[in-house]
């Protein structure tokens, strides 16, 4: 009993410290920060709650699956001018994609995290309707649905899916479908920042600078013109849970579209999405949004297995624009028109100021399939590895 009292007191004393939010794909929280409305995107906190060792015990309350930031009084469960009105990225069912969140330097309290997709479109639509704020009962119902739709770490071939070093076998946290941070008290590569071991400032936070935490997820065999990817981080040291979400679309590839669309529960329409009678796009404008910190004079190119990306020749690759680049958000972008259904592998490269030295990303190659749908444009989010 003494331990419990001390633990609660300790957690209460340091609850202001843990901070993090979803950054790739662009979450509603990130969009709120980039619009200048959220002055602390890492501060959407559900507290005090039981966050450990049972990582699914806590009810989400007003935080919902998308998060509530009490510091700036923003409820991300409701669409607003700068978020929630349309997907920020389109994925293909069955694809493996990069996802990333940002943990603040002063707020890395270890723990475990998960990515989730709720396949109850009627319920999700309550979080997509402009002017409507879901009730707490609807928020919890959605959270329960997202929990059922957890995208297991183990679904991605070759991905390391360890058990948390801060959890003991037999505890509720002893599961590797969720992703784990490194040991909270590790001597090196500690906590969540140790997952990528990226440099301080590799992602944006307002308190002390952030560290990226990057993983891969497999998109489920589900089609939606507009749905949500929810992120949940349970802190190990503090009684806190962090939630955020991103608006996404999921299309089927040529082999699965007919099969998946035949199930009435997975086909989605909305005022923002083309109807089923639209003409499929022959070519798609694929925008690559890539985060990569560079030195003065360096540039970024995308090089790949198809001719439009230089056929693996760095000199023939597509140069990305740094027009939106900032120190806190080192964004490089390029848009390439590609035939629908095109499958390819690719990497990003850094080119020196003289153009003579080229640094390639680490293996493995990235892969992508251009959606075959009515959408004429899609965005692909990533960061340097």
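Note: Cβ is positioned from N, Cα and C throughout, glycine not excepted.
As recorded in Swiss-Prot:
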BINDING   19, 109, 242  Cu(2+) binding site
DISULFID  40-43  disulfide bond
DISULFID  66-245  disulfide bond
DISULFID  102-203  disulfide bond
DISULFID  118-145  disulfide bond
DISULFID  153-161  disulfide bond
DISULFID  167-173  disulfide bond
DISULFID  181-192  disulfide bond
DOMAIN    19-248  domain 'Chitin-binding type-4'
DOMAIN    278-385  domain 'CBM20'
MOD_RES   19  methylhistidine
SIGNAL    1-18  signal peptide
Hey, which of the binding-site residues 19, 109 is the loneliest by Cβ count within 10 Å? 109
Could you check which of the recorded positions 167, 173, 192, 203, 242 is the closest Cα neighbour of residue 66 (disulfide bond)? 242
Return the member of 102, 118, 145, 167, 192 nearest to residue 242 (Cu(2+) binding site) in space, with distance defined Cα to Cα and candidates limited to these disulfide-bonded residues. 102
Proximal but sequence-remote residues of the same chain as residue 203 (disulfide bond) (Cβ under 8 Å, at least 6 apart): 23, 100, 102, 210, 211, 212, 291
When distances run from the Cα of residue 245 (disulfide bond) to each of the recorded positions 40, 43, 109, 118, 192, the nearest one: 118
Inter-residue Cα distance where the pair is residue 43 (disulfide bond) and residue 118 (disulfide bond), in Å: 24
Within the domain 'CBM20' (278-385), residues counted as helix, strand or coil by DSSP: 6 helix, 50 strand, 52 coil
Around the Cβ of residue 102 (disulfide bond), how many other Cβ atoms lie within 10 Å? Please give the count over every shown protein chain. 27
Taking the Cβ of residue 192 (disulfide bond) as the reference point, list residues of the same chain whose Cβ is under 8 angstroms away and which are at least six residues distant in sequence. 20, 103, 108, 110, 111, 113, 181, 182, 211, 213, 233
Please report the three-state DSSP label of residue 43 (disulfide bond). helix
Counting other CB atoms within 10 Å of each candidate's CB, the least crowded of the disulfide-bonded residues 145, 173 is 145
Going by C-alpha distance, which of the disulfide-bonded residues 40, 43, 145, 173 is nearest to residue 153 (disulfide bond)? 173
